[in-house]
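Annotation source Swiss-Prot lists active site, pros-phosphohistidine intermediate at His116. What Swiss-Prot lists as ATP binding site is Lys10, Phe58, Arg86, Thr92, Arg103, Asn113.
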Amino acid sequence: MLERTFSIIKPDAVKRNLIGQIVSKLEQNGLKVIASKMVFLTVQEAKGFYAEHDGKPFFDTLIKNMTAGPIVVQVLEGDDAIAKNREIMGPTDPENAPAGSIRKEYAISMQQNSVHGSDSPESAQREISYFFSEIEVFSAS
């Protein structure tokens, strides 16, 4: 089923010039980038985006990492895009990520794990609309 998902290339990966490699890996696995832009999150924007994690032990570190430099936000489209993107990324902890996954190849640590991806259709819609207006997203089909 053709669907859309949301992806972030995090500051740790942007700083290390990994944008191209990460996008290539997504495209080679059947996902199309249908919207993309580079932004620098303020602390308030990061807290708003990650509000569901407020109060968790890792929240402050997450906000610090996500505001440490620019990020690349993207809308991806493809068959089962949410599950496919999560498979390509690998689990949050790069130590547990399979060979060939983005996090295994590029993550520095569990906190600096290079990428974020939506985990459900509801999250994808919310996350896409947080960063993109409808006129900024183009269908690949």
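Just so you know, the numbers here start at 1 and follow the chain as drawn.
Keep in mind that glycine also has a Cβ here, set from the backbone N, Cα and C atoms.
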Neighbour count (Cβ, 10 Å) for Lys10 (ATP binding site): 25
DSSP three-state assignment for the residue listed as 'active site, pros-phosphohistidine intermediate': strand
His116 (active site, pros-phosphohistidine intermediate) CB neighbourhood, other CB atoms within 10 A: 21
Position of peak Cβ density within 10 Å, selected from the binding-site residues Arg86, Arg103: Arg103
Sparsest-packed of the listed binding-site residues (Thr92, Asn113) - C-beta count within 10 angstroms: Thr92
